[in-house]
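First the structure, in the form of C-alpha cells, and then the observations on it.
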Amino acid sequence: MVPVVALVGRPNVGKSTLFNRLTRTRDALVADFPGLTRDRKYGRAEIEGREFICIDTGGIDGTEDGVETRMAEQSLLAIEEADVVLFMVDARAGLMPADEAIAKHLRSREKPTFLVANKTDGLDPDQAVVDFYSLGLGEIYPIAASHGRGVLSLLEHVLLPWMEDLAPQEEVDEDAEYWAQFEAEENGEEEEEDDFDPQSLPIKLAIVGRPNVGKSTLTNRILGEERVVVYDMPGTTRDSIYIPMERDGREYVLIDTAGVRKRGKITDAVEKFSVIKTLQAIEDANVVMLVIDAREGISDQDLSLLGFILNSGRSLVIVVNKWDGLSQEVKEQVKETLDFRLGFIDFARVHFISALHGSGVGNLFESVREAYDSSTRRVGTSMLTRIMTMAVEDHQPPLVRGRRVKLKYAHAGGYNPPIVVIHGNQVKDLPDSYKRYLMNYFRKSLDVMGSPIRIQFKEGENPYANKRNTLTPTQMRKRKRLMKHIKKSK
C-alpha cells in the first residue's frame, strides 16, 4: 500500500508551499473534492524511487468551534489515515494557542509526528524554534519552504528513514517480483527459466467513483453473481477490502474502497467516501473501473479522479451507471457530453450499464481483461523499432535549426503502463504534436486498448559539447598558409 504523509497546521504556515516542493510542481492539485474534504489537496511525491501520497490539509485555527470540530470537518480524516504527520508551525509568528491545541490532539493520536518550523529564512533557526519545544513533540526541523532551504534535510533525515523503516513491513508483491525479474532479463542478466507470467497473476480491479454513483451496487452485483465469500486479506489497512473472485476461469482481486459495512453504520458522506482509500486503491490496482452517474453527468470530482488515474498510468474502463429508465433523447445528450468532456480519453472502453438490474454488467470483464493484457504484453525491440521506422516513413520528424531530427531505434522501457523508449538525435526538440503522433501510431500498431501508453525519448551525449575546439599543429600550419594567401590576394 502506498504510504501517506499529511501536512497539518494553522492557516498560512506554509503547508501548500511545502506540498508543492514535495510534489515538485507549482500546481500539484491532483484531486480536489470541494464540499466533501474542504481545502484538501492530494498529490503524488517520490523520494529516491519510493512513492507516497502527500496531503495538504486545510488550516486549523482553533476558533470557538473547537479544534476537534474543525479537524473533523477538514483534517481529522487525513490525520487518521496518514502514516506520518508533518506538523508545521510559523517560526516568525512564534508559538500560538492553536499550535498547542493541535499538538495536544496529535499527541493523543500516537501517530508518528514530526515538528517542522517554517519561515526561518533571515532568522537564527536555533533561536526561532526554542518556544516550540514546549509542544513536547521532540526534535524540530527548521525550513524555509518558499526558498527550499532545509527541505532536502527534512527529506533525508525524516521522510526517507521513515519510509525505509516502513518498507520491511510490506508484503512482497508477486507483481513487483515478476517485473523485477523481467527487467533483469532485459538488462542482459542471467536468464532463468520463466515460469512466471502476467496471466498467472490475478487481475487487481478497483471500482472507484463519487459517492452515490452505484459503486456498492455494482460490487454487490458482481459478487452476487459469483457467490464469493468476502474476507479481509492479511496485511491490508484502512478498511480497504480485497475480495478474491473468479470469472470465466480468470482470477481477480476486487478492491472495495468503501469497505463491507452495514448501511446503518455509515453515518455521513465523509465516512462513506474516503479519498485516501480511493487513491491508494488506484495505485494498487492493475485496472481501474471509473463509475459515472448517467443522471448527474460528469462532474469536476469525476475529472479529478480521472486525472489521478491517468497520472498513475493505470488501465481504465469507464462505466456509465443508472442507464436504465432514461429516454432516448437523454441518452443521446449524455453521450454527447461524454464525447465533449472525455474526448481526450481515446483509449478506454465506455460501458453503459444498470448495476441495479444487472444489464451490461457481464460485458465489463471483457474490457478489463483486454486492458490488462494490453498493459502487460511483452513487445520486442525489433518490433518496436520497425513500428518507429514505419511512423517516420509515413510522417518525417520536423527540422530543428535546419537539421532533421533523427530517430534511431526503440525498445520497451516498462509495462503497466507500456513504456516505449526511443533513442535518437535532437529528440528533446521534438514538438508535442509529433510526440502525440508517435504515441497514437504505436497505440494503433500494437492494438493497445484500455491502457495508456507512454513514450520516453533519450539521446546520446555529445562528447564535444561545451568543449573548446583546439587545433592540431598540422591544422595550425595549414591555417597560417591560408592566412598568408588571403593577405597576398588583397
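Cβ atoms are placed via backbone N, Cα and C, with glycine included.
Marked as GTP 1 binding site by Swiss-Prot: 9-16, 56-60, 118-121. Annotation source Swiss-Prot lists GTP 2 binding site at 209-216, 256-260, 321-324. Taken from Swiss-Prot, the feature domain 'EngA-type G 1' covers 3-166. Per Swiss-Prot, the feature domain 'EngA-type G 2' maps to 203-376. Residues or ranges marked as domain 'KH-like' in Swiss-Prot (evidence: sequence analysis): 377-461.
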Neighbour tally for K215 (GTP 2 binding site), based on other Cβ positions within 10 Å of its Cβ: 26
Within 10 angstroms of the C-beta of I60 (GTP 1 binding site), what count of other C-beta atoms is obtained when all protein chains are considered? 23
Rounded Cα separation (Å) that holds between G209 (GTP 2 binding site) and T57 (GTP 1 binding site): 21
Between G9 (GTP 1 binding site) and N212 (GTP 2 binding site), how far is it from one CA atom to the other, in Å? 32
Pairwise CA distance, W323 (GTP 2 binding site) versus I60 (GTP 1 binding site), rounded so that it is a whole Å: 42
In DSSP terms, helix, strand or coil for K215 (GTP 2 binding site)? helix
In angstrom units, rounded to an integer, how far apart are the Cα atoms of N12 (GTP 1 binding site) and K215 (GTP 2 binding site)? 37
Please work out which residue of T120, N212 has the most C-beta neighbours within 10 angstroms of its C-beta, and give that one of the binding-site residues. T120
Got a sec? Which of these binding-site residues, G9, G209, has the most Cβ atoms within 10 Å? G9
Determine the mean pLDDT over the domain 'EngA-type G 2' (203-376), rounding to the nearest whole number. 79
From the binding-site residues K15, T57, I60, T120, pick the residue whose C-alpha lies nearest to the C-alpha of N212 (GTP 2 binding site). T57
Just give me the nearest neighbour of K215 (GTP 2 binding site) among the binding-site residues T57, I60, T120, Cα to Cα. T57
Counting other Cβ atoms within 10 Å of each residue's Cβ, which of the binding-site residues N12, T57 comes out lowest? N12
Just jot down the residues in the same chain as K15 (GTP 1 binding site), at least 6 apart in sequence, with C-beta under 8 A of its C-beta; none if empty. L7, V8, G9, D56, T57, G59, M88
Simplified DSSP label at W323 (GTP 2 binding site) comes out coil
Could you check what DSSP calls T57 (GTP 1 binding site) once collapsed to helix, strand or coil? coil
